[in-house]
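Asker: Below is a structure I'd like to ask you about.
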């Protein structure tokens, strides 16, 4: 983070503005609560009007370093480069915050693009890197956020102390406000200009919450985080993550997804590496139950989809037996997401009429799978965690009739920017997996031959696509 985004109360604090043109006038509009002194030999018409309306001092002289005395912040809005440098050097010498308009190198702070729903304020910045992108984001957010948002915030502020007095427990208090805002009823009433009814709803909710304050019950949500790319997390998954008190996550979960959680949420890695289980499944099940019994909103965050080779069913059995409330948010499983990002359609009228998902962990045992069925040349075989037993997989498939020249893809870091795809044939599977990183997904079938024609994720236009996706999502 190049800049610290902070909101400063400038009420009655001394601020110096150097410059008397239209740019200075625009900046002064944001500093209305401050005690402003303008330094400029002459003022534009707009500033003269502002001078009459507001309590602003004007020094009709050239800038002198002594004018910085007792000032906490300086805005420089002149087109004199030498003067701007001189002011900047003096401000830096005295550790005074300074912003030189349109000259980032002479700034100790910069102004963000602002969305004002007083008292709700949103500042957006690219740290001076992409001002047009920031402008577009601001425009999108302006349309997205209701004009009544400020009234909702003021209403919440009016109730804040009363709620704090009646709900002493901080967790319960936060959950109360989450219910109010997520439910949307109060917001809708304020949008319609019906504050009296909104107050009644708040009063009813508070009384009801006080009656049930001893019934502090937690619950567990099993969430599929998708195969890696943060953009593949579902909207429902995002909502649940942002409400969680505790997140128990697998080591494969993208750290960017964890950053979406509340800052005060506990994030605990309970994942398993190949051959290295930090916690047994039985103990993990007990741990989840214990956390929920303490009244926490627990999110069990798993890579891919929790019900496909994720042991989600085992965990929910334990949670259900303990009488804990739970829900499931599906995710895009690696077999589907990674194949799509590799330009490999799992079914195709010409090449494959079915697809089978298996785990490669237990493929050493000859009786573990129906190899005759898996060796069908008209189907696609997707193998999770198949790197370790690649030799056994290859041998069993060929022995049971799969063509040794069947196209194969070994994909690691699937859906990430550094995704690695190794293409070969079934007879070469051992060599391919040796070159791949853990964990790796194996795709076996004639559909792999389409990779070279429809591998979209490696295209030059990718970055444009990603930026467009961000803007369109907002």
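Note that Cβ sites are derived from N, Cα and C of the backbone, with glycine treated the same way.
Keep in mind it's a predicted model, so treat the numbers as computed, not measured.
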Asker: The S-adenosyl-L-methionine site in Swiss-Prot includes 227, 303, 304, 305, 308, 333, 334, 414. Which of 385, 404, 435 is also listed there?
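Answerer: For the S-adenosyl-L-methionine site that includes 227, 303, 304, 305, 308, 333, 334, 414, Swiss-Prot also lists 385.
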Asker: Including all protein chains shown, what's the count of other C-beta atoms within 10 A of the C-beta of residue 250 (active site, proton acceptor)?
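Answerer: The answer is 19 other Cβ atoms.
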Asker: Other residues with Cβ within 8 Å of the Cβ centroid of 22, 23, 41, 42 at the NAD(+) site?
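Answerer: Once 22, 23, 41, 42 are set aside, the remaining close residues are 19, 20, 21, 24, 40, 43, 44, 47, 77, 78.
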Asker: Just to be sure I understand the packing, how many Cβ atoms besides its own are within 10 Å of the Cβ of residue 42 (NAD(+) binding site)?
Answerer: 10
Asker: Between 22, 308, 334, which of the binding-site residues has its C-beta surrounded by the fewest other C-beta atoms within 10 Å?
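Answerer: If we count Cβ atoms within 10 Å for the binding-site residues 22, 308, 334, the smallest count is at 22.
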Asker: Setting 227, 303, 304, 305, 308, 333, 334, 385, 414 aside, what same-chain residues sit with their Cβ within 8 Å of the center of the Cβ atoms that define the S-adenosyl-L-methionine site, listed in sequence order?
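Answerer: So the extra residues in range turn out to be 226, 309, 310, 331, 332, 335, 337, 338, 384, 441.
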Asker: Nearest by CA distance to residue 250 (active site, proton acceptor): which of the recorded positions is it, out of 41, 42, 126, 304, 334?
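Answerer: The answer is 304.
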